[in-house]
Structure formats: structure tokens, C-alpha cells
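Peer 1: Here you go, one structure.
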Amino acid sequence: MRALRDRAGLLLCVLLLAALLEAALGLPVKKPRLRGPRPGSLTRLAEVSASPDPRPLKEEEEAPLLPRTHLQAEPHQHGCWTVTEPAAMTPGNATPPRTPEVTPLRLELQKLPGLANTTLSTPNPDTQASASPDPRPLREEEEARLLPRTHLQAELHQHGCWTVTEPAALTPGNATPPRTQEVTPLLLELQKLPELVHATLSTPNPDNQVTIKVVEDPQAEVSIDLLAEPSNPPPQDTLSWLPALWSFLWGDYKGEEKDRAPGEKGEEKEEDEDYPSEDIEGEDQEDKEEDEEEQALWFNGTTDNWDQGWLAPGDWVFKDSVSYDYEPQKEWSPWSPCSGNCSTGKQQRTRPCGYGCTATETRTCDLPSCPGTEDKDTLGLPSEEWKLLARNATDMHDQDVDSCEKWLNCKSDFLIKYLSQMLRDLPSCPCAYPLEAMDSPVSLQDEHQGRSFRWRDASGPRERLDIYQPTARFCLRSMLSGESSTLAAQHCCYDEDSRLLTRGKGAGMPNLISTDFSPKLHFKFDTTPWILCKGDWSRLHAVLPPNNGRACTDNPLEEEYLAQLQEAKEY
């Protein structure tokens, strides 16, 4: 009987301990049978509750309507957890998650890998977590499930339990902004997991796309346009001035040889006796060929006659004396027959200049005058006037003749006409130097002409301001355009204070030939007179006075100007 009492007491103690354990932990002693998963499927956590009133069936039916359910650990009235694994579903075809066997939550969670020492499962590293002490209404929870990518939220409810929600992928139509993150114990617990040591809980959405739109700089486009100018060809009569200017300055040197006296030829022969005749003939032949090529190059252009139209900026760079082609240049072909029957025509010759390249040279040929045009040439200039210009140009190089005075007193109707047209169409000099012109060409409005003109800086080392404009610090030169009626350009110079020099040795003069067209022709037409006059700017200014069309203040002052004038006379 005593053994029976001991056994009964032991049984009562076991029952008492089981009751106390059930009351203390709130864990089920018996596993209720629920609609379990299909045999052989993966075990999934479902809603688990130890309370006598389980979750309503209506809520379980609404859960499959979500495009992607949330992993939720939600305590109910008796401090229990509700865990739901995310199910990948499409709207309209959702299936309810499978419910595994009901077991104690703590034992099931500890069986998961990586959660031996934690109370939560390993979250998605792309999720975000936030916690708030206030409970959220059921309606707000349902709306949160409709987010395109909700945050991993752990919210404390009435009985101190947590609700854990995994991000759900929905359509972007019902997106709402994510809630602000807060530092909570849950975040600290998540960061302790080995898989999340180096992970960022606020990792941005990897599905985001970044579009980079390249916007072209308008300033770069302007710079390109500046290099491409001039885009419009000027009137045809602009280039028609050039042949007459060439003839005016240099003339035809053949007439000089015919006018020499027999004694002069004899003196040359005596001087040549000291050298072999073969060397002299070879040098004369080379000089003759160079003169013919140069004359044909300047007078007729590198590709065709001047009548072919405007030359592109790249064509304005004439041949350099230094050749960078290491292959020996081939000989020119014979000149082609003259293209005309009377008056003037054209001749061409060619030579290979490389693979697929042929250089062409053109020159004019003189033919008997056509009937009715004996007294006029193609430019409308009398033939006698051509001879007079040639004779004047020849006399300029005579040591016994004052070349400067000869040039200044040249009474040519053609030159007068050209100068008149040039001075009438050129823009007026700005009273102040535009500093932006040092970097790129500028456009300035000219009130007298009623349109804008392009100007470029002319203060570079090649301009040699220290020689030709010694008191100038800056210079400007107008650019040719489609509206230019001549090949001339306005030249303006300024002092150190960027003020226009209206007189004196530093003032600029209008240029007969613009450097935009040809720097070499500009030197021969505009710089050569300065050399012939031996730097006496006062004599040159008498023919081509510096421009002051905007009535700028006289610069330099009267006293300094008179001192410069006296210096020029004595020099």
C-alpha cells in the first residue's frame, strides 16, 4: 500500500508540474490537428495560436488575396506568435499557404539554420526594418500588404508581442512611401546574424534603373561654328578685286627687262663671267620657274581661277616652303592648251602628290583681244591702265626713286574706286577693346552699317606690334563675311587701358587684304607700303587714316601726338 501511495503521489506531482508548465509558458500540451500540408512537401510555418479562439476563417481567406504574403510573427491576446511564410503568387491566382504541424514556436524557430542563438529567422538582406511602440490598426496592416516593396516591420502590440513582415512584390500602381526607420532591439538582433554582419538593411531596390541624358554644351557648338565660318560666300565681285590689286602692286617684270639699256645688259654679263655659264643658266631657270609658280599661285588660286568662287578657310593657307612629304615630288605635266580663243583663257598642269591625290595648278594665258574689246579687259579696266600700274609698281623697287612717295601719289582710278568701296563698307572701330576677344571672336553691332560684324584679336606675336604699332597693347581686325563687298578688313589698336588709339604711331589702319583671306597677300599689300615708307606712319596715315567713326576721345593726347609726329619726320 505504501508503494501504491508513492506512485499516486508521483503521478499527481507530474500532473501538477505539467499544469504549472502549461500555465507559465502558455504552450500547447497537445498538438491539435489542422489542415496540414501535402505529404513530402517542405515544412512551412503557419499561424500558430495557443488561445482557445483561433484566427477567424475570414482572415485566413483574405490572406491568399495578397500578391505576396508577409512573414509575420504577431502575438495575440495570450502572448503567442503568428508566423506566416511569404508565398510567391500572382494576383488572381493566389493559393493559401500550407500550414505545418503545430509545435511550440521556440522549438521550431531554433530548428532553423542560423537561428540557434536568436529568436527570429534570417531576414532578407534587401529588406528594411522599423519598429514603433504604438499598435497599428488592422486596416492599416492590410493596406501595408499592398505596398510594392514593404519594409520588414516589427511593431509592438498590446501585450508586448511583435509582428514581423517580409517585403512583398506587388504592382507599382498601389505604391505608398515607406515608413521611417527606427533603431530598435530587432535591428540589433538582425545585425548579429552571420549573414547580415556586412549587410545594409536599407539596401536600395536593385530593380531601379538610372537614365543618363547627355546634354550638349551650347558654348561648344558656338566654338565649332566659329571655326566653320565663313559659311556664306561673298558676292562674286569681292574676289574680282584681287587680280587688279596684284597687278597694281607688282606689275609685269617682263617690261622692265625690255626697257633696259644695252649697257646695263653688258654690265650684267661682265659680272657673270666669274661664274660658270651652266650654273648661271640653271639658277635663272629655277628663278623663272619659281616666279611663274608663285604668280600663278597668288593670281589664280591653288585649284582654279578666282572666278570659281569663295575659298574655304582651309584653302587660304598657301603652300609652305618646307615640304613635309619625304617622298620625292614628281614633275609637273606640260601646260594644257589655253581654254579661250581670244582675250584671256586658262591653262592647267598637274602632278601626282600621293595615293589618290593629284595637284592642279592654273594660270591665265594672254590671247589676242576679241573683236570690240581691244580697249577693255575682262575686269573693265583699260589696257593702258594695266601698263601704267605695272610701270608704277616696277619703279617702286628702283633705288633712285622714292618708293613711298611713288606709292602715295599713285593716281589710279582702280585704286581710288577700291579704297572708296572699302572705306564705305568697313565697320567702325570700337572705342574700347573687348577683352573677350582674346579668347574667341566676338560679334559687335555697328550702328552706322546697321548690322553686326565679327572681330578677332590681332595682338599675337606674328602681328609684331612692337614694330608696326609700337605704342599699342591690343589690336582688333574685322573678319570677312558673306556680306563683304571687298577683301579689306578694319584694323584697330588700343593702349594699355584698352582705349582706342585714334592717331599716332600705334594706331591701326584699314587693311587692303584681310589676313582671313591670305596672310602673305596681306603682307605684300599692307605691310610692304610701311616698309617702303621706312616706318613713316605719318605719310601712310595721310592716305589711309586710322578709323574713328564712333567719335572716340582723341588718343594719345595732343602733346604726345606732336612728339611722335616730330620723331617720324626726323627718322
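Glycine residues also receive a Cβ, built from the backbone N, Cα and C atoms like all the rest.
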Peer 1: Which residue does Swiss-Prot record as N-linked glycosylation site, given the choices N93, N117?
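Peer 2: My reading of Swiss-Prot gives N117.
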Peer 1: Could you identify, going by Swiss-Prot, the member of C353, C357, C365, C370 that forms a disulphide bond with C342?
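Peer 2: Candidates were C353, C357, C365, C370; Swiss-Prot matches C342 with C370.
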Peer 1: Considering the residues N174, N300, which is the one that Swiss-Prot annotates as N-linked glycosylation site?
Peer 2: N300
Peer 1: Tell me the residue counts in helix, strand and coil for the domain 'TSP type-1' (327-371), as DSSP assigns them.
Peer 2: 0 helix, 18 strand, 27 coil
Peer 1: With every protein chain in view, what's the tally of Cβ atoms within 10 Å of the Cβ of C365 (disulfide bond), excluding that atom itself?
Peer 2: 15
Peer 1: Looking at the disulfide-bonded residues C342, C353, C357, which has the shortest Cα distance to C365 (disulfide bond)?
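Peer 2: When the Cα distances are compared, C342 comes out closest.
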Peer 1: Can you check which residues sit near C370 (disulfide bond), meaning Cβ under 8 Å from its Cβ, same chain, 6 or more apart in sequence, and list them in order?
Peer 2: N341, C342, S343
Peer 1: Where does the mean pLDDT land for the domain 'AMOP' (396-559)?
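Peer 2: Mean pLDDT for the domain 'AMOP' (396-559): 90.
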Peer 1: In the structure shown, which of the disulfide-bonded residues C338, C342, C353, C357 has the fewest other Cβ atoms within 10 Å?
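Peer 2: Lowest Cβ count within 10 Å among the disulfide-bonded residues (C338, C342, C353, C357) is C357.
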Peer 1: Expressed to the nearest Å, what is the distance separating C353 (disulfide bond) and C338 (disulfide bond) at their Cα atoms?
Peer 2: 24
